[in-house]
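In what follows, a single structure is set out as structure tokens and then discussed.
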Amino acid sequence: MAVSCTPTLGLSSAPDEIQHPHIKFSEWKFKLFRVRSFEKTTEENQKEKNSSEGKPSLEQSPAVLDKASGQKPEVAPPAFKVHPKFSKKFHDDGKARDKAIHQANLRHLCRICGNSLKTDEHNRRYPVHGPVDSKTQGLLRKKEKKATSWPDLIAKVFRIDVKTDVDSIHPTEFCHNCWRIMHRKFSGAPCEVYFPRNATMEWHPHAPSCDICYTARRGLKRRNHQPNVQLSKKLKTVLDQARQARQRKRRVQARITSKEVMKMIANCSKIHLSTKLLAVDFPAHFVKSISCQICEHILADPVETSCKHVFCRICILRCLKVMGSYCPSCQYPCFPTDLESPVKSFLCILNSLIVKCSAPECNEEVSLEKYNHHVSSHKESRDTFVHINKGGRPRQHLLSLTRRAQKHRLRELKLQVKAFADKEEGGDVKSVCLTLFLLALRARNEHRQADELEAIMQGRGSGLQPAVCLAIRVNTFLSCSQYHKMYRTVKAITGRQIFQPLHALRNAEKVLLPGYHPFEWQPPLKNVSSSTDVGIIDGLSGLSSSVDDYPVDTIAKRFRYDSALVSALMDMEEDILEGMRSQDLEDYLNGPFTVVVKESCDGMGDVTEKHGSGPAVPEKAVRFSFTVMKITIAHGSQNVKVFEEAKPNSELCCKPLCLMLADESDHETLTAILSPLIAEREAMKSSELMLEMGGILRTFKFIFRGTGYDEKLVREVEGLEASGSVYICTLCDATRLEASQNLVFHSITRSHAENLERYEVWRSNPYHESVEELRDRVKGVSAKPFIETVPSIDALHCDIGNAAEFYKIFQLEIGEVYKNPSASKEERKRWQATLDKHLRKKMNLKPIMRMNGNFARKLMTIETVEAVCELIPSKERHEALRELMELYLKMKPVWRSSCPAKECPESLCQYSFNSQRFAELLSTKFKYRYEGKITNYFHKTLAHVPEIIERDGSIGAWASEGNESGNKLFRRFRKMNARQSKCYEMEDVLKHHWLYTSKYLQKFMNAHNAVKNSGFTMNSQVSLEDPLGIEDSLESQYSMEF
């Protein structure tokens, strides 16, 4: 390149005589290599070009001109621009250097709070993506928290997700102050820690105005003088290029060396398949995605790191052990505990790849999933001819032989294994053989089958236990056919037997259903079979039929009462033994235990189903059930309580005993079905049950309390007249007139024995009295009582009956009946329509045909009274209605609570006063309604509640609410178990309902839900029966607010 020279002033101000010629040459040299400005205009370039025409070129001119010529050589700066390629390279190198500095600064900052890690004098820092330290691990184990790494704890305590962090943006360590905050969260110990920020620390990529780098640069250091860029830029560029080339070469060599080292560490060329065996020529990117990034073979048993790189399990574990806990691809922190299985879609694609068989004589192409099996067939075929064969046809493979031939061929090996097992393993041949099989699978890299076999050896199994599957089926309301469809679908999709087949569930059912456990009665029960393996029986069994008997058109299924009680006790075995331990009683105590049983019975209305064959039965149902309320043991001179039902009104503890499609008003049918059951119950009262529980024969006595009946059914089974009778009460002999005149002061006088005596008087009429006189003598007993009930109040139906009466009072107050008692029927209907419309608008209460528990609960509130008062013009009536409702709401908890002495002691103490004031209001302000009459449940509420509480301790615990909830389950089970025969359908319903109430299955279901919801999830929901999980334990501590 020719560069023109123009005579200009020298660089030095000294005279020419004293300047050395080499100095001038050096100045000329620097001017020669100086790079001109990139912004120089075209006019300046043109001027320089014109001025250089006709001048000698650089090659033609000497280094120093003759002094005689009188000219001082001076080289004009060259007019050329830097190539864009070099400009971009300089820019990229600068950016890379800035990023490296930024990343170095990040290493000294805390990931959570952003403070500098240098401020800690002990230099305590913790890896964000590492396993928790031993102290924290011990604390988590003590608190029963399942955690092994910091990311989960950081996400829980600080609400920061660090699993997606990038090293170039986020710091990789956190400070001791944040560690102490997490430690305090889990330990609950007060300590002086604080969080220095008011918001979450946000991290951004490096930018020209980066706060992190600017903070690191500023300070009191003296700034270095910048070299003269104009003079040294070209020389510096050449040196930088040479250095970068050397670094690039070094990096490539290091990468190649690192790859070779990792391949040497993995050493898997003999067990993993090369990508050259792929049958299809896939794109390079796809091949890279399905190959291990360490050994570059096709992925075998792939695992995924937290940074989303995929490796063979053996390769990554070996590399982590030798090279440290970093990802081989991106150097991101990685630990063996972070390895997870890739997503199923990726595994499906990987397993479906077609590969060529590596055997030289085989040209088959098989899927990767079946490759091991295919190759093993080659080995087996080769091994077929290895054995000594003294002529004849070739030896057949072992698996193709009959069982007898297999025994003959393996006889010598079997003897050797037996000798080894006897010598080393105590004769456990099975464990030795399973372990050999397990090692063979591991050696052939078939880890999935090996894991399943190992789980079976440990008793866990690869899937769920049959009891867990049964609990899932029962609690999700799946019939057998629906469960079987789900089982087949899951097995076909996953290839694993996660759920157990139906026959395994039926084996688990047998243990839980009545008729499995042996027992004995001392003395034996009268008129009851001594056999114990009795399951579901027909409701009419044991009924002696004759031509004159009442023809029973019904379908009934039941358990035998004693067998059902034994099954219920064995289902509660763990609870009973745990209760004994909690009372510091020895496990070997054999009793006698006293079991208190609540009995419930209720009729159901329309249960019509449009299917099933069988007799024409009424589409109404009756259910008889029982609940084990309390179990005590005689210890010394006192009875110690070892079990008490925590939720006595739950449908989960109300066990069905008898189901029948019959009308509860049909006295003959009801008597025919329930009489054998009542006979068993009467026989059990005078005998003791001998049952083996916990390996010890124990003695049980039973106390039966029939309290879960509504008033209609009590009158039916106790032989009393219907609820419209003049004898208003099932607890005392008061008539309706007597009860209205004396609202409060009555005592309980009726009993089952007295009713039986009165029935005999009614039947025989020994005094030869008239009907009216006889009726007055027996106080309303008109039929033979056949079920013994406890004189009590059913809390649920008491609420419903009282709410219906208040609903009527609201209508009468709207119509101002206290002024005009003689209102027509049309006017009364208009008042009801007005009330319904207003309640729907104000209280969102939709009108119903018949009062139910939910409507009663919503209706009986102060808000409802306020809404009704808007329709009543008189202020005085407002006050009377409000006071009546307030008194009722003060009295209601006494008969609704399970233990009023603990739950509402004040209301219990004030009950007598409140009931007298309530009665006074009825007889004065509401005299138009209650003069000479009163409703059945108002009478029981005002007169008998304190006496029942004093006798039983509670009314609410003995209510029929659990049985009412069971009625809803009956409808659901019946729809679910629809079969062609109604007879079998009732068996399915009874069996499914019994399993639904099993405490054993409920524990399995709770444990299954706890495992499913465990882990550090942001919105985990723990079942109510579970102990406090980590979510609750964290939230109950101090709330972490930034």
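Just so it is clear, glycine is given a Cβ too, placed from its N, Cα and C backbone atoms.
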Which one of 53-82, 203-232, 233-262, 353-382 shows up in Swiss-Prot as zinc finger?
353-382
Let me know which member of Glu340, Glu950, Glu961, Glu964 Swiss-Prot also records as binding divalent metal cation at the site of Asp602, Asp710.
Glu964
If I take the alpha carbons of Cys268 (Zn(2+) 1 binding site) and Cys330 (Zn(2+) 3 binding site), what is the distance between them in whole Å?
22
Other CB atoms, at most 10 A from the CB of Cys312 (Zn(2+) 2 binding site)
25
Compile a sequence-ordered list of residues in the same chain as Cys307 (Zn(2+) 3 binding site), six or more apart from it, whose Cβ lies below 8 A from its Cβ; state 'none' when nothing qualifies.
Cys327, Ser329, Cys330, Tyr332, Cys334
Closest by Cα to Cys315 (Zn(2+) 2 binding site), out of the binding-site residues His272, Cys295, His297, is Cys295
Can you tell which of the binding-site residues (Cys268, Cys292) has the fewest other C-beta atoms within 10 angstroms of its C-beta?
Cys268
Measuring Cα to Cα, how many Å separate Cys312 (Zn(2+) 2 binding site) from Cys295 (Zn(2+) 1 binding site)?
8
When the Cα-Cα distance from His309 (Zn(2+) 3 binding site) is computed for each of the binding-site residues His272, Cys292, Cys295, His297, which gives the smallest value?
Cys292
Given the recorded Zn(2+) 3 site (Cys307, His309, Cys327, Cys330), which additional residues of the same chain have their Cβ within 8 Å of the Cβ centre, ordered by sequence?
Thr305, Ser306, Lys308, Pro328, Ser329, Gln331, Tyr332, Cys334
Those same-chain residues, other than Cys268, His272, Cys295, His297, found with Cβ within 8 Å of the centroid of the Zn(2+) 1-site Cβ atoms are Ala266, Ser269, Ile271, Leu273, Ser274, Cys292, Ile294, Glu296, Ile298, Ala300, Cys312, Ile314, Cys315
Give me the CA-CA distance between His272 (Zn(2+) 1 binding site) and Cys292 (Zn(2+) 2 binding site), in Å, as a whole number.
10
If you average pLDDT over the DNA-binding region (391-458), what do you get?
84
